[in-house]
Amino acid sequence: MLRLACLAPLAILIPAAGTAEQARPADDALAALGAQLFVDPALSRNATQSCATCHDPARAFTDPREGKAGLAVSVGDDGQSHGDRNTPTLGYAALVPAFHRDANGKYKGGQFWDGRADDLKQQAGQPMLNPVEMAMPDRAAVAARLRDDPAYRTGFEALFGKGVLDDPERAFDAAAEALAAYQATGEFSPFDSKYDRVMRGEEKFTPLEEFGYTVFITWNCRLCHMQRKQGVAERETFTNFEYHNIGLPVNETAREASGLGADHVDHGLLARPGIEDPAQSGRFKVPSLRNVAVTGPYMHNGVFTDLRTAILFYNKYTSRRPEAKINPETGAPWGEPEVARNLSLAELQSGLMLDDGRVDALVAFLETLTDRRYEPLLEESRAAQKD
């Protein structure tokens, strides 16, 4: 019988009351159960992978493991399977609205790069059943693993009623609800970065950070990476939750590792069940920029290693200079877009070219979006990008 970790470590996983803002109210007992599930590898087929394996709390809820494609995509429970997209951080995911279409007809919100999960609860359950992730065969198998541990039976029945783990549908739904509750705690969304401290008047930007902030709000960054077109929203998430096609090339190393083949096309939003409009092909959700300086590689397929490269990529749309057409990581021209139609040119072409000084400043500002507990990772990230 698979033995699951005891419930004692929960005290170190759940912040003490009042230590951080919560993204939304979460019942302490439910969140505590979710915290235990989050670190439990028994919820994967071979009992080798937990949620925390790919969303390491010590690494801003991203995957620190290297596979055949480096850090670009994650390795599955079997130690061989690879995904085709970069593992997104779960930080601030609870702030993402449910998937919907706004008054202007734009798709917004939802979880994952393609919004295939309506909300955090749906997101929490899907990796367990994904064959290239945790690879559990079905909900009944998940329920059986939960029943293997008496502590889980006690905890689930206290919250969801007697016999909950005997019903696969109820058990799976309850586990997803608990995981979502944990992800809605302040551990994931503390709003304690230097940026937040500056906004609260507790600290000041350096001159370079201040310049970077000015670049950010006056260039076209704000069009997609701020909730409002003007001004700063309280608890800013640095995303408008929309879907855009910015013309990224295929990450050929990741595509090969995934085994999907050279002819595969990642259609993004168009692949979401219920979306049939070809105009949505190639669109991916705008990610939050919180902790961006410590959560590389970048873009939905992890195609860029360096944050500077991710910024410089946008110059290809705003400058005719020869250097703007070259990927500094490869020394070769930027690859062709995987999906060349439906490019968000109105946003991409609205800015001006960023020179080296402005890129330096923008990187400095983006580093201020790092949660306090991840600030030590900044030096590590800077050193890695110099290698």
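Just so you know, glycine gets a Cβ as well, placed from its N, Cα and C.
As the structure is a computational prediction, the values presented were derived from the model and not from experiment.
Lifted from Swiss-Prot, the feature list:
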| type | residues | note |
| --- | --- | --- |
| BINDING | C51, C54, H55, H300 | heme c 1 binding site |
| BINDING | C221, C224, H225 | heme c 2 binding site |
| SIGNAL | 1-20 | signal peptide |
Under 8 Å by Cβ from H225 (heme c 2 binding site), same chain, sequence gap 6 or more: F216, F238, T239, N240, V286, L289
Secondary structure at H300 (heme c 1 binding site), reduced by DSSP to three states: coil
Site extent for heme c 1, whole Å (max Cα pair distance, C51, C54, H55, H300): 19
Site of maximum Cβ density within 10 Å, from binding-site residues C51, C54, C221, C224: C51
CB-centroid shell, 8 A cutoff, heme c 2 site C221, C224, H225, site residues removed: F216, N220, R222, L223, M226, F238, T239, N240, V286, L289
Surrounding CB atoms that lie within 10 Å of the CB of H300 (heme c 1 binding site), all protein chains: 21
Spatial separation of H300 (heme c 1 binding site) from C221 (heme c 2 binding site) - C-alpha basis, Å: 17
Euclidean distance between Cα atoms of C224 (heme c 2 binding site) and H300 (heme c 1 binding site), Å: 15
